[in-house]
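Quick look at what TrEMBL lists:
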type: TRANSMEM; residues: 7-24; note: transmembrane segment
type: DOMAIN; residues: 105-253; note: domain '3-oxo-5-alpha-steroid 4-dehydrogenase C-terminal'
type: TRANSMEM; residues: 106-124; note: transmembrane segment
type: TRANSMEM; residues: 145-162; note: transmembrane segment
type: TRANSMEM; residues: 203-223; note: transmembrane segment
Amino acid sequence: MECKENVIHYLSWGFIVSGVAYLFRQTRFQTPYGRYVTSDGTPGRTCPAKLAWFLQELPSFLVPMLLLLSTDTQPSLGKDLLLWTFCLHYFQRTFIYSLLTKGRPSPLYIVFSAVVFCSVNGFLQGHYMLHCATYDDAWQTDIRLYTGLLMFFLGMAINIHSDHILLHLRKPGEVVYKIPQGGMFEYVSGANFFGEILEWCGYALATWSLPTFSFALFTMCSIGPRAYHHHRYYQEKFEDYPQSRKAVIPFIL
């Protein structure tokens, strides 16, 4: 399959513009998900948390894999990076985390929006890395590749560990919220969000391209404000909430 350069270009810039727009929207309106979903204030129907996570994350894994299986691609660094970073992350989120999550039901329109985004992004990342990305031999020893991969796997470890802490924060039957302790939660309120942001910034650095940068930027713009909302929620709810803890970036923000 030939590289669809114009499609990649417009989709990438679309992610950048929409990410910034979404960032500004979240400064005015809080997206109803998780603890912010209320039975009297959420429009439309909801989807059970486990099913919602599975459905909305699946396209990010399935679309690149279908692209990979339906085209005759030669072994390449771009293919390896796609499989062992992007697809690895979404395999864990789709087939493992979705079974473990204990979250509240998600509004159907949010699930649908996530399915659309993940489908488009799955195509953007998959098509670019399989059919457009080219890396010469020098890139295999470039510091950006190894630094980016280190950031990615460190971020993935932080993300998974932080989710583990949140999943075991409450005993069976408990419904009250508690202050997360341990791991990166000692430094930021949104440790799981910090881990995911670090992942995709590392992915963008290791692949050094507009499509991957646009996805990393969109991620920061979409889940960064969520970490801030969590941070503000904890500060308002708990008088003993650690004052030194930041929202999403340790020691900074």
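Any Cβ shown, glycine's included, is placed from N, Cα and C.
The stretch in closest packing with the transmembrane segment (106-124), judged by the count of Cβ pairs under 8 Å and taken from 7-24, 145-162, 203-223, is 7-24.
Remote same-chain partners of the transmembrane segment (203-223), defined as residues 6 or more beyond its termini with a Cβ less than 8 Å from a stretch Cβ, comprise 8-9, 11-13, 15-16, 18-20, 22-23, 26, 78, 81, 85-86, 121, 124-125, 128-129, 133, 144-149, 151-152, 190, 193, 196-197. For the transmembrane segment (7-24), the list of distant contacts is 120-121, 123-124, 127-128, 132, 210-211, 213-215, 217-222, 224-225: same-chain residues at least six beyond its ends, Cβ to Cβ under 8 Å.
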